[in-house]
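Participant: So that we are looking at the same thing, I have put the structure below in structure tokens.
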Ligand SMILES: C[S@@+](CC[C@H](N)C(=O)[O-])C[C@H]1O[C@@H](n2cnc3c(N)ncnc32)[C@H](O)[C@@H]1O
């Protein structure tokens, strides 16, 4: 390697290190605030700005099979939801007044949650995301929104939260049978190569878990810009005995479909690039008597 080449490589490395140090310092400054504000029931007077996404960037893919040392409850009964939804914790009874009903699986930067929040003011919505820094960004975004809207009785973002988790491993640890009414799978990682298909978030085995946590009549929403992945998801859902596809007419009249189409960060990117989007929605069928 020539001297000039080595020097420019060194310089590039130095710049990369400097940028990472800057990002880390920004996230650390938010960390203290996050820990203080995440669990407060009564809002403070601070009015934090919305976090800046560029300080939370992380590799696009995370291996769902690796051991991420994730925290998860032994069972749904042992999960402490009061930290995520402090406004829904009754200090007298020491119980939650509501439970999560809507889940955004692989929520990314949280756009869908934030747009769904005012549409479902009496329901709790949860984003589950495997990447640490992306989860932290959503946490900081929600804290900022809660503070900015603290004087509003409704639409104050107290009904949305996020947790770091691997939806392919621990869903039944968080949700009891028939708890959810809606599950969203928006622009899931496509895992293009054949040998990686097993890492896709819709598989036969996982669908049985989703059917377990969904109520009868509950909905699975899927959207992607990868036609092959769309066909894969449709095929697996159609083959599964607990799901039935909803019609295009149904999709047209459902408000969540249009929110899902327009509000996720990945979906906005696809729109900007004039790409195509494929949607499929499925209803969770009643459990046959002999399986109860
Ligand atoms: C392509 S992004 C889409 C993000 C978001 N849904 C959107 O539409 O903007 C897929 C997201 O799913 C997350 N993810 C992948 N596998 C996951 C898993 N097993 N559990 C939770 N999140 C996962 C990734 O980290 C990533 O943020």
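Each residue, glycine too, has its Cβ placed from N, Cα and C.
Annotated region 'Disordered' per TrEMBL: 1-51, in sequence order. What TrEMBL lists as S-adenosyl-L-methionine binding site is 106, 129, 130, 166, 167, 186, 264, 265, 266. Among the features that TrEMBL reports, active site is placed at 189.
Show me how these features fit into the structure around them.
Facilitator: Here the Cβ of residue 106 (S-adenosyl-L-methionine binding site) has 24 other Cβ atoms within 10 Å, regardless of which shown protein chain they belong to.
Note on residue 189 (active site): other Cβ atoms within 10 Å of its Cβ, all shown chains, come to 18. In the three-state DSSP scheme, residue 189 (active site) falls into the coil class.
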Participant: C-alpha of residue 106 (S-adenosyl-L-methionine binding site) to C-alpha of residue 189 (active site): distance in Å?
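Facilitator: Rounded to a whole number, the Cα-Cα distance is 9 Å.
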Participant: Determine, to the nearest whole angstrom, how far the Cα atom of residue 130 (S-adenosyl-L-methionine binding site) is from the Cα atom of residue 189 (active site).
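Facilitator: Cα-Cα distance, residue 130 (S-adenosyl-L-methionine binding site) to residue 189 (active site): 12 Å.
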Participant: Taking only same-chain residues 6+ apart in sequence, whose CB is under 8 Å from that of residue 167 (S-adenosyl-L-methionine binding site), what do you get?
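Facilitator: Within the chain, residue 167 (S-adenosyl-L-methionine binding site) has Cβ neighbours under 8 Å at 105, 106, 128, 130, 201.
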